[in-house]
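> Provided herewith is a single structure, encoded as C-alpha cells, for subsequent inquiry.
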Amino acid sequence: MAFLKSPIRLSRISLAFVALSVLLPIVQAHGGGAKVEEEVDPKELGCYDSGVDEWDRGLQIGAVFIILAICALGVLTPVLTRYVSWINVPQSLLDTGKFFGAGVIVATALIHMLASSGEAFEDPCVGDRLGDYEGWPFCIAMLAILAMHLMEYLMSAHSMKSCKAKNLVGEPPSDKLAASVNDDNGQETPSHSMMHQGHTHLHGGIPVSFDHDDESIANARLHTSTLILELGIALHSVIIGLSLAISSGTEFKTLLIALSFHQFFEGVALGSRLASLKYKRNPFLQALLNGCFFMITTPLGQVIGIAIRQSYAPRAPSTLLAQGALDALSGGILLYSGIVNFLVEEFTSSKFHDFSRIRKVISFAAMYIGAGAMALIGKWA
C-alpha cells in the first residue's frame with residue numbers, strides 16, 4: 001500500500017471517487033425503467049412567464065439597505081469587538097451567538113437549501129430533463145461535501161509539509177537557534193543546539209516539533225475552513241437575495257423578516273470565525289474585508305433581481321435547473337462547514353472544554369434553538 005502514501009496519488013484517487021459518484025446516478029437516470037408521463041404544454045404551466053405583479057420599487061430598494069445593515073451588524077460585531085478597544089461586547093455573548101448561528105447554518109443547509117433544490121428539480125416545467133432519478137439534490141450536495149473535504153485535506157497537508165520543511169535541524173542554524181537565549185533573570189544561557197554540539201548524529205536532518213509549528217498548522221486549517229464556510233454562505237446569499245427581490249406582497253414581507261433573522265445570526269457565526277483568525281499582516285483590515293464580502297453578497301443578489309425583474313422567468317427550465325444545482329451545491333458546503341467546522345471543531349476544542357458547566361449548557365441550548373428556529377422559519381420562507 002505504499003502507493004497510497006503520496007498525497008498526489010491520494011488526491012487523484014479521491015477525485016476519481018468523486019467523478020464516479022457523479023457519473024453513476026447519471027447512468028442510472030438515463031437507464032431503463034424511465035417513467036412515461038403525459039406531456040404538458042409549457043405555456044399552460046406558465047413556464048416562461050416573466051415579470052413580477054404588485055412589485056413595489058420603494059420597498060425593494062429599502063430592503064437592500066435593511067439587509068446590508070443587518071449583515072454588517074452580525075458579521076462586524078465580533079470583528080470590531082476584538083480589534084477596537086472601545087467596543088466591548090462580552091465574549092460569552094458572542095460565543096452564544098456563534099453557536100446559535102451554527103445551528104442556523106445546519107438548518108439552512110437541510111431545510112432551506114436542499115429542500116429548495118428538490119422543489120426546483122421536481123417542478124413540472126423541468127419535465128424529464130433529469131430522467132427519473134430523484135436524488136439529484138443529495139448527489140450534488142454529496143459532491144460538494146467530498147470536494148470540500150478534499151480541498152481542506154490538500155491545503156492542510158501543504159501547510160504541514162511547509163512547516164516541517166522549515167524546521168529541519170540539518171539546515172544551517174539560524175541566528176535564533178545558534179545564539180544564546182536569555183533566561184528570566186536576564187542572564188545568557190547556552191541554546192539547545194550549543195549544549196548538544198558533537199551529537200549531530202542524533203539530531204541532524206530529523207524534523208523538530210515546535211509549539212509554534214502546531215499553532216501555525218492549526219491557524220492554516222482555520223483559514224481553510226473559514227474560506228469554505230464563506231464560499232457556501234456567499235453562494236446561497238446571492239440566491240436568497242435574488243428571491244427576495246422578485247417577491248412581492250405578503251410573500252416579500254415574510255421573506256424579508258425571515259432573511260433578516262437568518263443573515264444576522266449567520267453573520268455572527270462567520271464573524272466569530274474571522275475574529276479568531278491570525279493574519280500575517282494587517283489583521284484588522286483583512287478581517288474587515290472578509291466581513292464586507294459577506295455583507296454585500298445578499299444585497300448583490302437583490303440588486304441583480306431588481307435589475308432583471310421584468311425579464312426574469314422563475315419557472316423557465318434553465319432557471320430552475322441552475323437554481324436547483326446552486327441550492328444543492330451551497331447546501332452541501334454549508335452542511336459540511338456546519339457539522340465539521342462548528343459542531344465538531346468548536347465543541348471539541350480545548351477552549352470549549354474550559355467553559356463552565358452552565359456556559360456549556362447555554363452553548364448547546366443556543367445551537368439547538370438556532371437550528372429549531374431556522375427549521376420553523378422554513379414553513380414560510
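Each residue, glycine too, has its Cβ placed from N, Cα and C.
According to TrEMBL, the record shows the following:
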type	residues	note
COMPBIAS	182-194	compositional bias 'Polar residues'
REGION	176-195	region 'Disordered'
SIGNAL	1-29	signal peptide
TRANSMEM	61-84	transmembrane segment
TRANSMEM	96-115	transmembrane segment
TRANSMEM	135-154	transmembrane segment
TRANSMEM	227-246	transmembrane segment
TRANSMEM	252-275	transmembrane segment
TRANSMEM	287-308	transmembrane segment
TRANSMEM	320-340	transmembrane segment
TRANSMEM	361-380	transmembrane segment
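Help me see these features in their spatial surroundings.
With a cut-off of 8 Å between Cβ atoms, the residues of this chain six or more beyond the transmembrane segment (61-84) that come close are 91, 94, 97-98, 241, 244-245, 252, 256, 259-260, 263-268, 270-272, 274-275, 283-284, 287-288, 291, 294-296, 298-299, 302-303, 306.
Tertiary neighbourhood of the transmembrane segment (227-246): same-chain residues 52, 60, 63, 67, 105, 108, 112-113, 148, 151-152, 252, 255-256, 259, 262-263, 266, 270, 273, 290, 293-294, 297-306, 309, 312, 314, 323, 326-327, 329-334, 336-337, 341, selected by CB-CB distance under 8 Å and a gap of 6+ residues from either end.
Counting residues 6+ beyond its ends, the transmembrane segment (252-275) has Cβ neighbours under 8 Å at 56, 59-60, 63, 66-67, 70-79, 81-83, 94-95, 97-98, 100-102, 104-105, 108, 222, 225-226, 229-230, 233, 237, 240, 243-244, 287, 290-291, 294-295, 298, 341-342, 370, 373-374, 377, 380-381 in the same chain.
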